[in-house]
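Novice: Got a structure for you, questions after.
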Amino acid sequence: MNYPNGQQKVTTNHVVQKQDNRMFSNRGMSLEDDINATNEFYLETNQAVIHKKPTPVQIVNVHYPKRSAAVITEAYFKQASTTDYNGIYKGKYIDFEAKETKNKTSFPLANIHEHQINHMQKVIDQQGICFMLIRFTAHDETYLLDAKALLTFWNLKQDGGKKSIPYDMIRNQSQLIPFHYQKRVDYLAAVDKLYF
């Protein structure tokens, strides 16, 4: 096409192909979404009863136009006091935290709060099954790390040690959880290997 000043529009057909080196498993889903879908499958197939604990909310302001139509106009999330998930599996109490990291070389212990560590220790003291699911999004891998191992890394950090768990250590001391269509994060298979 010729424009009034006599110049032609130059078109360039640059097609940028984004190389997608992710495995089929992630497909944009978060770890929490994957765990929730897996827990729903476990519940429907009578394998386990495990639920996500709701995040506590502090309600600040409520508008009451009439008694039956109260509307919360201001609220804030409180910091959760324990771990993300709990329930029962094969007659045993199960309790775990789930975290994702974009870090390729380590899992930062700053992602865990001291109150969560204290809660995990109490679960262990009562002979419950306790662990952390860690997803390395850069590797598209999810691992189950036993809480006792996590507590060891945490205590080393408290004594001036490393502030993160190296990826290679997690690979060596954890169970890799494969992706399945219905059981996206089939962590009970890893629980069976570690605890039963």
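Just so you know, glycine gets a Cβ as well, placed from its N, Cα and C.
Quick paste of what Swiss-Prot says about this protein:
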type: BINDING; residues: THR82, ASP84, GLU97, GLN116; note: Mg(2+) binding site
type: SITE; residues: LYS99; note: site 'Transition state stabilizer'
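Walk me through the surroundings of each of these features.
Specialist: Non-local neighbourhood of THR82 (Mg(2+) binding site): LYS53, ASP95, HIS115, GLN116, HIS119, each in the same chain, at least six residues away, with C-beta under 8 Å from its C-beta.
Around LYS99 (site 'Transition state stabilizer'), the same-chain residues six or more apart in sequence whose CB sits under 8 Å from its CB are LEU31, PHE107, ASN111, ILE112, MET132, LEU133, ILE134, ARG135, listed in sequence order.
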Novice: Does DSSP put ASP84 (Mg(2+) binding site) in a helix, in a strand, or in coil?
Specialist: coil
Novice: Where does LYS99 (site 'Transition state stabilizer') sit in DSSP terms: helix, strand, or coil?
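Specialist: Once the DSSP labels are grouped into three classes, LYS99 (site 'Transition state stabilizer') ends up as strand.
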